[in-house]
Amino acid sequence: MANPTTGKSSIRAKLSNSSLSNLFKKNKNKRQREETEEQDNEDKDESKNQDENKDTQLTPRKRRRLTKEFEEKEARYTNELPKELRKYRPKGFRFNLPPTDRPIRIYADGVFDLFHLGHMKQLEQCKKAFPNVTLIVGVPSDKITHKLKGLTVLTDKQRCETLTHCRWVDEVVPNAPWCVTPEFLLEHKIDYVAHDDIPYVSADSDDIYKPIKEMGKFLTTQRTNGVSTSDIITKIIRDYDKYLMRNFARGATRQELNVSWLKKNELEFKKHINEFRSYFKKNQTNLNNASRDLYFEVREILLKKTLGKKLYSKLIGNELKKQNQRQRKQNFLDDPFTRKLIREASPATEFANEFTGENSTAKSPDDNGNLFSQEDDEDTNSNNTNTNSDSDSNTNSTPPSEDDDDNDRLTLENLTQKKKQSAN
């Protein structure tokens, strides 16, 4: 049990005038400290702003000076090399001349996951950079690659084995370091490290190949645009459903593909819809023809019922005759032999027609084709005339008139005169 007298004394001490004054003094000290800190921060900010303003005022001059120095340095570095080696020099750095008394050892490192055309072209450039090259390829382990770059499709052993089957590769170094060090170069007697000139950024540095470039042992290769492992993976992810259906069709199970039961049924439903669409598109013409035939059959049945058999037979007969006329005319015009028989206007035919008395106008193919329509009209009219031939012959038969005899005499006289003129 606590003594009540001691508790009261402590409370009195806290509430005494001296303690209250001390509390106010503490608050004053805090305020003074905060004010001084704010002033110091403002002074620092002003000084920084002044320095930045000075820098911004000097940047155009600095830029001109730096660009001029950089251009002079680039010109000096390029003039040190022969023309055939200038393309291998990295921008802003020197390039060492290759040794002549031994094979040149070039090192190219990379993940080489899903070995593709871009990898092959880069290794080919390394191998063909000099006449006598030994190409060494380094492959980092799965542990380092997954930590620094991300998950891979193939394991490090599979990637190393893939590179051994490439014709340009002479040696494969497994468990290669992520950043090449001078000790690693000495260990494997490497003359050049090959990669494209784009800075390769990591967590520690802006360019992991910068120390190698400063040593003059960096060989620049050209990157193949549009081809990379990331591009291949993005294509697969973009068409994920299509590749799933492809693997299901080849016998893969949903457990192997890590697909849920709902996703599999969804894909099968989409597959059936696509199959129905393709079937409908293929058979659309057949369906149209069948519907057209059905329409004509129904139409004929309705015409028979409404018109009767006699009118329907007459209607069908006229339509068939018209179709036959068109077909015969087309066959006549398409036949080359009959087209040769058509007489066309010429001076010889006109001269002969003057003595024969025939019509001098030439017959066109359409005129000859119209003969079929005339013949068909005669056939149609023959049936009607035959029925009334007996009665019409008795009533309409009249002897030839005198005008007809006069016309015949004139034509004979004209012919005899023309023959005499031709003989003279």
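Quick reminder: no glycine exception, Cβ is built from N, Cα and C everywhere.
The model shown is predicted, which means the values in this text are computed figures rather than measured ones.
Counting only same-chain residues at least 6 apart in sequence, those with a Cβ under 8 Å from the Cβ of Lys149 (substrate binding site) are Val111. The DSSP secondary structure for Lys149 (substrate binding site) is coil. Under the heading substrate binding site, Swiss-Prot lists Lys149, Trp178, citing similarity to another entry as support.
Annotation source Swiss-Prot lists compositional bias 'Low complexity' at 14-24 (among others).
Summarising the annotation, Swiss-Prot assigns compositional bias 'Acidic residues' to 35-44.
Residues annotated as compositional bias 'Basic and acidic residues' in Swiss-Prot: 45-55.
Among the features that Swiss-Prot reports, compositional bias 'Low complexity' is placed at 381-398 (among others).
Look at Swiss-Prot and you will find Ser16 (among others) tagged as phosphoserine, backed by a large-scale study or a structure entry.
The phosphothreonine annotation in Swiss-Prot covers Thr59 and rests on a large-scale study or a structure entry. Long-range Cβ proximity for Thr59 (phosphothreonine), meaning a same-chain Cβ under 8 A and a gap of 6 or more residues, is found for none.
The phosphoserine annotation in Swiss-Prot covers Ser346 (among others), and the record cites a large-scale study or a structure entry as its basis.
The phosphoserine feature in Swiss-Prot is assigned to Ser401 (among others); the stated evidence is sequence analysis.
Non-local contacts of Trp178 (substrate binding site) by the CB criterion (under 8 A, 6+ apart in sequence, same chain) comprise Pro140, Ile144, Leu148, Ser202, Ile208. The DSSP secondary structure for Trp178 (substrate binding site) is coil.
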